[in-house]
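> Here it is, the structure in full.
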Amino acid sequence: MFRVLNKVFDTNQRDVQRIVKTVVQPVNALEEETMKIENLAEAFMRLRQRVQEGGESLDDVLVPAFALIREAGRRAIGKRHYDVQLIGGTALHQGRIAEMRTGEGKTLVATLALALNALEGKGAHLVTVNDYLARVGAEEMGLLYRTLGLSVGLITRDMQPHQRQAAYACDITYVTNSELGFDYLRDNMAQSREQLVLRADNPLHYAIVDEVDSILIDEARTPLIISGAAEKATDLYYVYAKLVKRLQRGEPAEPGKRTEPTGDYTIDEKGKQVHLTEQGIAKIERLLSLGDLYSPENMDKAHMITQAIRARELYHREKDYIVNAEGEVVIIDEFTGRSMPGRRYGEGLHQAIEAKEGVKIENENQTLATITYQNFFRLYDKFAGMTGTAKTEEKEFLDIYGSDVLVIPTNKPVIRQDADDLVYRTRMGKYQAVVEEVKQMHATGRPILIGTASIDTSEQLSALLKQAGIRHSVLNAKYEAQEASIIAQAGRSGTVTIATNMAGRGTDIMLGGNAEFILGEAIEQNFGISRFTPEAEAFIKAIGREDPEAVTLGLRIPGMTEQFIRQAQQLQKDIIADRERVRELGGLHIIGTERHESRRIDNQLRGRAGRQGDPGSSRFYVSFEDDLMRLFASDRVVAMMDRLGMDDTQPIEAKMVTGAIERAQARVEDRNFGIRKQLLEFDNVMSKQRDIIYAQRREVLLGTDEDVEESTEGMIADFTEMQLAFYAPIDQPAESWDLETLRTNMLEAVPQLEHYDFEALRHMAPEAAHAHLLEAVADAFDARKAELGPTMLNSLARYVLLQVVDQHWKEHLHGMDVLRQGIGLRGYGQRDPFTEYKFEATNMFNDMIDNLKADVTKFIFRMQFGQAS
């Protein structure tokens, strides 16, 4: 085992040394020369020209680019990138996951890879977990980017579409994972190019995901969903169920008997389809006072009426479905005869059957668009990630995202002391021990951070600390900006802070407090300007250096007084003094109140202490009533406590126990990874389908008129070939062809074929017959184009394609949801649920595409002039 571990560390070390040799040393060699460059923006733009016009790769210009970015950091924000930060920036550029300890300056490291990748002119995204961190990153690093001539955008929750367009058009954009994901989904529901907010040409080029383990592992299974209320149409299903009772079933046209179909609709039992006749269309329009049934505003109504007829004529109670005691329509498996609870017909058919039966129609939000973070970030041309804890999850990053983890060396050695766990019999015994430890530490003035796994635990501990008379702050990840403010000061002497695991993530805890943070907040509150303006930044930096020029710089800020400046100078002195005091006391002490299922989360909590070479310590308190211990701890440990006669207040402290806990965590991590990987396999089926639909939409939205016309003609030809394959198959004798149904179906879609002699097809060679009908349909399309004019036809085609694709995709998503939920209930015996899901999902998708092409054909040939406007 140790040999394997050594091999892992050797590989990491070799990679680091390679970057030192090929990047760090050459960048350092350029430093003196770069400091002499007066206009960094001009120099950086010359690199942009080399990449965009000269054909050089980003790797070709990496060294001079990093040298310029480092110098921009020094000049603009007073922060020069350390050598280890250059290593981190290189890893991010390479599309790797960079593991960097807390306090190592991830925000600054990201500027290297973001600015470098922005040279391609395709945009670079910094993705973080909340609006507050996105704003701080964009504003704090904005000066650096602007010094290089790069534009910086920020996306926040409350922005309007035009503001989002401007932000995404910038060279570098800071955005939260949820806003980015939802913008992507909304763009794929847009009805015109002008509605797109992401770049039209290459929306997802390069991204760095901050706190990458949180987004791509902890939130990996949480899908982003845009939904709309489906209940609006519920009453209409009942209306149409009554309407179709007033329609008459007819017979299709039949040579020698009828030249036209009779009745209001005809039935195709073989294909389980219904077809409205001209008489039926006119009757529906009259009964509903609709005008044209095939006008844009009536598209959904035409679809729902067709489904109501199918429900009435083709789906029968006790054969295709039952109505159970709860009044639910439950499908019967046609092969086994068993009911399939949880399964629903797609595309509105199930609701139509519910309306026919007079039972309650299921009210639910209709999914309009959805994607998981796992599949979303894999759409990027290249993405990287950074976090304090990633190595324990490297297998998952590699298997799912193809990204390895590079552990970046710390700038200064880590000297934090991590004690073995203390294990108690009961949870309350553990909490009492935590309070005693806090009392003792607090008496010395040492700052303490208590990490909890839940809000409930933090409130319990808070109540116990109040009883003990210990003042403290409680954080539970509800208020992002206030949270950062409190966590930034958690390193001051005498401070006790309770925080849930994720609270304040992304904000450093500095011993003695964070003077820059306090001063920045005071400037914003007192003078109404951002702490990131050049004037405020210069003043804050001068205070931090204890520079006498701080007085002159401060008085340049409108409204600032000498009294405020003196208070700022005193604050800096107090914090420096307090920092030394806290260091002498041993630094920040971390108390973990239980072990998390993931070692990574525990390591994140520990990593709060010991930043940048500071002293610090950590210890976890565990009880046998904790979930992890209850489910996974060895019975031997419990038995040992019993043998020793230990009571609730006596702990075990032994490496054996700590090791047992970590082995339990590794087992849980493996299990959770397996679950995520299995779910991803299911998601990948949907992902491939989504890629096809979104590519089709994008082609319609952004393509030329010629592209759209070609797509439309292709769909019409596909629909025609589909009908021919079904009713006049080449491999069957012509005498057996069902030309009557072929005629009915084709006339419903292409009424311009009313004079076409379908019976004549029987007397041609099969291939010639197919070609003849296809040519007739192509002629009908040309006639339609001549009738409407090319411009009007293309407007109509774009509109119809988008509307039809969106309607069918929305209904398909619902069907996929139902399939996913019901797949485990299907009694497949020894058959693999995933194989069955993939098979059924593929069939559903193919059916949807066929129906989509049929609807496009129908609307293109039937819609009246002016209705698409």
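The backbone N, Cα and C atoms fix where each Cβ goes, glycine too.
Marked as ATP binding site by Swiss-Prot on the basis of sequence analysis: Gln85, Gly103, Glu104, Gly105, Lys106, Thr107, Asp508.
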> So which other residues, same chain and not among Gln85, Gly103, Glu104, Gly105, Lys106, Thr107, Asp508, have a Cβ within 8 Å of the centroid of the Cβ atoms at the ATP site?
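Near the ATP site, the remaining chain residues are Met100, Thr102, Leu108, Val109.
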> Among the binding-site residues listed here (Gly103, Gly105), identify the one with the smallest other-Cβ count within 10 Å.
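Sparsest of the binding-site residues Gly103, Gly105 by Cβ contacts within 10 Å: Gly105.
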> Measure from the Cβ of Asp508 (ATP binding site) and count the other Cβ atoms within 10 Å, all protein chains considered.
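The Cβ of Asp508 (ATP binding site) has 21 Cβ neighbours within 10 Å.
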> Quick check on the binding-site residues: of Gln85, Glu104, Lys106, Thr107, whose CB has the lowest count of neighbouring CB atoms inside 10 Å?
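Lowest Cβ count within 10 Å among the binding-site residues (Gln85, Glu104, Lys106, Thr107) is Thr107.
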> Where does Glu104 (ATP binding site) sit in DSSP terms: helix, strand, or coil?
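Looking at the DSSP assignment, Glu104 (ATP binding site) belongs to neither helix nor strand, so coil.
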